[in-house]
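If you look up Swiss-Prot, you'll see 36-336 marked as domain 'Protein kinase'. Positions annotated as ATP binding site by Swiss-Prot, on the basis of sequence analysis: Val42, Gly43, Asp44, Gly45, Thr46, Phe47, Gly48, Ser49, Val50, Lys66. Sequence annotations record features per position, and here Swiss-Prot assigns phosphotyrosine to Tyr200 based on experimental evidence. What Swiss-Prot lists as region 'Disordered' is 397-428, 526-560. The feature compositional bias 'Basic residues' is assigned by Swiss-Prot to 403-417. Look at Swiss-Prot and you will find Thr469 tagged as phosphothreonine.
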Amino acid sequence: MKKYLWGTPTTNTVFTGKQPKYTKEVRKCISIDEVYNVVRKVGDGTFGSVYLATTKTPSKEVVAIKSMKKKLAKVSDATRLREVHSLLRLSENENIVNIFDLYIDQFRCLHIVMEFLDCNLYQLISTRKNDPLTLEQVQDIMRQIFKGLNHIHTNGFFHRDMKPENILISSNSDSSSFNVKIADFGLAREINSRPPYTEYVSTRWYRAPELLLRDSYYSFPVDIYAAGCMAFEIATLQPIFPGNDDFDQLYKMCEILGSPDEQSQNTGDKGGGIWDRAELLANKLGISLPKMAPLDFGDLFSPPWNLAFASMLSQLLKWDPAKRPTAEMCLDLEFCRVSAPADAVASKEEVNKNTDFRVSISYFPSSSSIPDECNTEEESRINPSTSKFLKQLNKGFNGFTKPFRKSRKQSKNRKNKSSVATQFSEESEDIADSITSSTFFPVLPQIRPSTPLNLKLRNFIISSSEDSTSPKAKEFDRPLPSTEFLVAINKSQEALLNNSPNSKSGSTQLSASTCLSDLISPQLSILSHEDKRENQSVNSESSKYSPRSSNHSPTLHSKDLHRDMATVNNYAKSPPSFHATQDLLRKTLAYTNSSGTSTVLSNDSSAISSTFLDRDFPDFGITSLAGSLTLPDSKIIDRSKTHVSTQLLP
């Protein structure tokens with residue numbers, strides 16, 4: 001049998017031109033079971049499947065075997081496969097998965113024998129649930145990832161598919177630290193190779209802007225950007241840019257990083273910075289990026305995460321690839337250099353609240369969590385709603401049929417909506433009018449996972465400074481609308497609640513979905529009984545969206561939908577004024593305490609709870625509704641100390 005030798009070079013053969021010292025050979029076998037005891041299948045990918053196996057020696061060492069799906073034309077092609085070629089050209093490194101042997105079976109299928117680690121980074125994140133890693137653990141993981149990337153880039157390669165699934169992890173003996181190794185070099189390319197490259201590059205959530213905008217040239221900065229996305233996910237256990245498609249991915253990036261133009265980035269050093277080439281690439285695709293102000297990563301985290309860690313994210317997640325640091329420079333960043341959170345400048349009260357140095361994040365709804373398995377790039381981790389009512393509501397809000405407007409065509413005149421990014425911070429109010437003058441960007445995708453924007457706005461509410469001069473009602477102790485129609489609605493609902501044995505005090509409650517549909521368009525309020533029942537069933541599932549407080553749980557539902565249908569039809573023919581409808585939306589939501597008693601809060605300021613928005617309209621979430629309701633004199637008020645996620649409308 002002819003032997004095809006292969007080996008791992010001990011020197012940098014890419015730039016020195018020296019030939020590596022070959023020490024091993026590609027071996028033939030009838031079946032891989034002949035050489036190893038295959039235990040079980042542990043993973044399946046685009047190019048191959050991974051199996052857990054043990055050697056047939058007394059020591060029974062555990063290994064991982066990647067069996068390639070594509071058959072080889074001849075044995076010599078084994079070392080020409082991109083993954084094998086990349087691993088052979090890279091010298092052994094403690095943060096790169098080691099390759100032990102290469103076998104070809106009788107069917108000419110290649111089997112790569114590698115070292116086995118306990119799990120990958122995605123599995124680790126999924127098992128942590130609401131138990132985030134400590135600051136020291138995140139530092140250690142990111143430091144090892146940067147070391148592995150530095151080794152890959154120094155040897156003239158870039159990975160192109162950096163994602164949590166391709167980061168292998170094993171716990172050390174003390175269980176507080178991890179051994180991290182980069183794996184899966186099936187998409188790796190040499191830095192000095194010429195384009196065009198293969199079309200499939202990286203998983204969308206970790207894909208750099210130059211890849212999304214179809215730039216013909218890209219290099220190692222795509223790995224740095226992906227590392228920044230993973231750093232956020234390691235710390236918060238949630239992805240930062242969970243896009244449904246490439247267009248939605250760009251929107252979420254603009255939502256957090258801001259638009260890559262000079263006008264939007266006129267806010268200092270925060271954000272993704274300016275990238276002039278982005279507009280050129282977008283025009284080639286026939287799209288126009290939204291105009292949004294960037295967010296400050298320092299505002300998204302509590303001490304000590306808001307300092308060195310936030311600074312690292314802002315440097316890694318730059319629009320312009322040339323402005324991202326190299327892997328070697330990343331190792332010199334303050335976050336990777338410090339071994340303890342000694343750089344955190346915070347008050348004693350803040351330090352006492354964060355003694356375990358964990359990320360301070362709000363509760364994530366169960367509907368926003370990531371499923372247990374995701375093995376392919378195109379497999380969606382989002383389960384969008386298909387409700388007929390929500391589709392009508394989408395159409396009523398934006399009226400768009402395409403995710404982006406064409407840059408060369410004049411769009412129809414529409415009302416300018418406030419950018420979510422500008423509502424986020426009062427610092428951006430001065431430039432909000434200038435950067436939101438373009439056509440309102442499409443509504444956020446259905447049931448999107450939480451992003452930093454959702455996390456921050458979860459501790460905020462929308463409040464209106466509109467003063468009510470209407471007389472107080474004796475029974476309800478709240479302002480009543482002035483129109484005869486709304487008075488009739490209140491009387492009808494009062495009669496229904498007084499007849500209810502479970503209600504001790506009368507309170508008007510209407511479906512929040514019905515109220516909002518009335519606010520948008522009278523035609524949308526004429527719904528079938530089936531659609532209303534479907535919407536009511538969504539509200540009945542409220543317990544799984546807000547389990548934080550057992551003493552105060554909001555309840556949003558409609559009373560006797562059949563009896564209300566006639567009133568809704570009459571409203572469609574002669575709707576009241578816009579402000580009167582807003583009063584109906586604000587004042588028909590009640591508060592239910594732990595004993596089941598329904599009471600209506602009396603408060604001069606009108607507010608819409610973030611929990612109400614998240615629960616009753618998962619299609620839009622907080623971020624979209626905040627800009628679409630266009631309440632008079634609306635502003636963002638910080639009530640994070642009062643846990644407004646469990647409060648309801650007065």
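Cβ atoms are placed via backbone N, Cα and C, with glycine included.
Summary: among the binding-site residues (Val42, Val50), the fewest other C-beta atoms within 10 A of the C-beta are counted at Val42. Within 10 Å of its Cβ, the residue among the binding-site residues Asp44, Gly48 with the fewest other Cβ atoms is Asp44.
Look at Val42 (ATP binding site): DSSP puts it in a strand.
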